[in-house]
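Copied over from TrEMBL:
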TRANSMEM  A:6-32  transmembrane segment
TRANSMEM  A:44-61  transmembrane segment
TRANSMEM  A:67-89  transmembrane segment
TRANSMEM  A:101-119  transmembrane segment
TRANSMEM  A:139-164  transmembrane segment
TRANSMEM  A:193-218  transmembrane segment
TRANSMEM  A:230-263  transmembrane segment
TRANSMEM  A:270-288  transmembrane segment
Amino acid sequence: MTAQALIQVLASGLLMGLIYALIAVGLSLIFGLMDVVNFAHGEFLMIAMYATFGLVLWTTLDPIVVAPFVVGLMFCAGAFVYVAVVRYAMRTKANAGMVQIFSTFGLAILIQGGAQYFFTPDYRSIKTSWLGGHTLDLFGIFLPWPQIYGGLISIAAFAALSLISRTDFGKALEATREDQGAVALVGIDRNKVFAIGWGLGAALVGLAGTVLAIFYYIHPQVGATFGTIAYVTVALGGFGSVFGALVAGIIVGLVEAITALILPPTMKAVGIFALYLAVVFFRPSGLFGKL
Amino acid sequence: MTDSTLTSLKLRGDAFIAKRRRQLVVAALVFAAVACLPLGIRDVYLQNVLILTLLYAAVSQSWNVLGGYCGQISLGHALYFGIGAYAASVLYVNYDIVPWFGMVVGGVLSAVLAVGLGFMTFRLKGHYFAIATLVIAEIGLVLVHNWDFVGGALGIQWPFGQDSIWTLQFARDKVPYFYFALGLLVVVWLVTYFIENSRWGFWWRAVKDDPEAAESLGVEVFRSKLAAAAVSAFFTAVGGGFYAAFVSYIDPESVMSFRFSLLFALPAVLGGIGTLWGAPLGAAILIPLTEITRSYLGGSGSGLDLIIYGALIMVVALAKPEGLLSLFTRKSGGKA
């Protein structure tokens with residue numbers, strides 16, 4: 001294989017990895033804030049993809065233009081899920097971990113069923129968009145524009161996240177994560193911070209959804225595929241670590257691209273999963289996780 | 001120690017033994033009543049639902065050994081179910097070995113694998129463990145998909161043959177399957193019943209409640225988890241072998257997909273984890289409900305059955321975190 005072909009593979013892997021990081025970071029953020037794993041995370045992605053598809057169809061605007069609306073919508077959806085479901089799951093004393101897992105799993109199945117009911121199990125795709133189908137020729141290396149756009153969006157989102165920690169809200173978030181009881185004493189409403197945290201997490205995965213909708217098929221099960229990758233990414237990077245999600249996302253993208261070179265395409269996930277297992281075997285809390 | 005405390009201890013011991021005996025009597029009555037069901041239910045569709053209910057009750061009870069008693073939430077038990085199904089199918093279809101033996105082979109393979117994987121995963125805590133089990137099962141699914149020896153994506157079709165108890169093939173009458181599934185449930189129930197009060201049983205509950213404290217009191221935490229995983233995997237695989245014989249055709253998705261991992265955990269979670277009757281009760285509610293909604297509402301892929309299924313899981317998890325069994329039991333022990 002030529003060096004050029006290798007660079008081609010690594011560059012596509014890197015771009016996809018940045019998108020994986022964007023999908024995963026919301027999950028990690030929510031866990032870091034309140035120790036809850038949202039097993040409906042992939043379904044949030046699916047909702048965002050359908051929302052993008054629907055808005056594009058309805059307004060005939062480009063997916064990039066409707067993206068802010070979808071992200072806003074997802075913020076509300078995330079906050080709503082916290083208020084309507086997770087808040088109650090956190091109140092239980094008996095089997096707390098189990099209740100969190102299964103209440104969000106139930107939600108995931110409910111959302112999948114809802115998508116099937118309203119949109120049918122058919123595969124859909126956005127036929128025309130500014131970026132769809134176009135590639136960039138960079139000295140003989142071909143990169144699809146939607147993926148480049150996704151990579152850039154992801155970098156921008158991570159930059160914005162690192163700035164948020166300097167704002168008042170970022171400080172409130174950090175304080176709530178440190179000590180949920182003490183923040184109440186300084187007048188921070190814990191429930192409000194959690195709701196905004198869920199909104200933010202859903203908005204981030206929603207942003208990834210608006211990107212994926214440009215070049216990926218949209219169907220009720222699409223969340224399951226990306227959901228599993230998101231859990232692996234977060235566990236690999238360390239639950240709760242934003243930086244870990246970025247690094248792990250890139251690693252996952254690169255490993256997936258390399259695996260696809262060596263193994264048959266149906267087995268491309270094996271490389272990621274094996275790497276993940278190898279890492280957690282030596283570092284049970286992931287690369288950047290706190291124990 | 002005074003005489004009176006000795007007497008009260010002895011009384012408490014007697015009460016405990018009486019309670020254990022009562023549990024056995026109740027179990028005998030319940031299972032006997034269930035055994036009479038086929039006398040009244042002749043409809044093949046309903047018999048199918050009953051068989052699946054008993055099978056999932058048994059497998060969920062096996063999951064309960066690791067997930068409920070020992071507190072290690074596995075989201076990857078479909079792996080062991082699949083190994084059992086594939087072991088029985090490959091041995092029967094390729095080598096003419098009766099499924100009775102194939103199931104046990106699958107069980108032993110699964111138990112060994114569970115111990116091996118346990119060395120890797122039992123250092124992980126909480127969500128990290130759950131996700132690792134999910135990922136391992138996914139790897140297994142992909143590998144089986146690409147393994148031509150076991151039929152790859154096409155799967156394995158059991159040949160049509162004479163009805164026989166040896167090959168577990170009954171084309172005309174489903175009732176023998178019913179009794180096999182019931183037998184499996186009784187065996188798994190009895191195993192849990194006896195383990196519950198053995199040293200392992202106490203160790204498992206200690207590991208579940210507080211691993212650090214248990215360790216400091218001399219409980220071998222790691223070995224306890226390995227033992228629970230082995231028992232749990234063994235019976236899950238036996239259930240998988242039976243399932244293969246029952247449906248006569250398996251492919252990777254139909255025995256190893258994540259759907260099954262969830263299906264094995266849910267009855268125990270709905271009924272009450274770490275209890276003798278939680279998984280059977282959960283299965284008795286969940287399986288008929290999902291099977292019937294699926295055939296009446298989900299036939300066209302409308303998704304209504306999934307909506308009901310998902311909503312049910314959420315409502316029960318949120319409304320009754322201890323499981324539905326807690327509706328029936330009084331606060332046992334009282335002052336004890």
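Note that Cβ sites are derived from N, Cα and C of the backbone, with glycine treated the same way.
Not measured: the values here are computed from a predicted model.
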Top Cβ-contact partner of the transmembrane segment (A:139-164) among A:6-32, A:101-119, A:193-218 (pairs under 8 Å):
A:6-32
Long-range environment of the transmembrane segment (A:101-119) - Cβ separation under 8 angstroms, sequence gap at least 6:
36-40, 42-43, 46-47, 50, 81, 85-86, 88-89, 220-221, 223-224, 227
Quick one: find which recorded stretch in A:6-32, A:67-89, A:230-263 has the most Cβ pairs under 8 Å with the transmembrane segment (A:193-218).
A:67-89
Distal contacts, the transmembrane segment (A:67-89) - CB-CB under 8 A, six or more residues away:
26, 36, 38, 40, 44, 47-48, 51-52, 55, 99-100, 103-104, 107, 191, 194-203, 205-207, 209-211
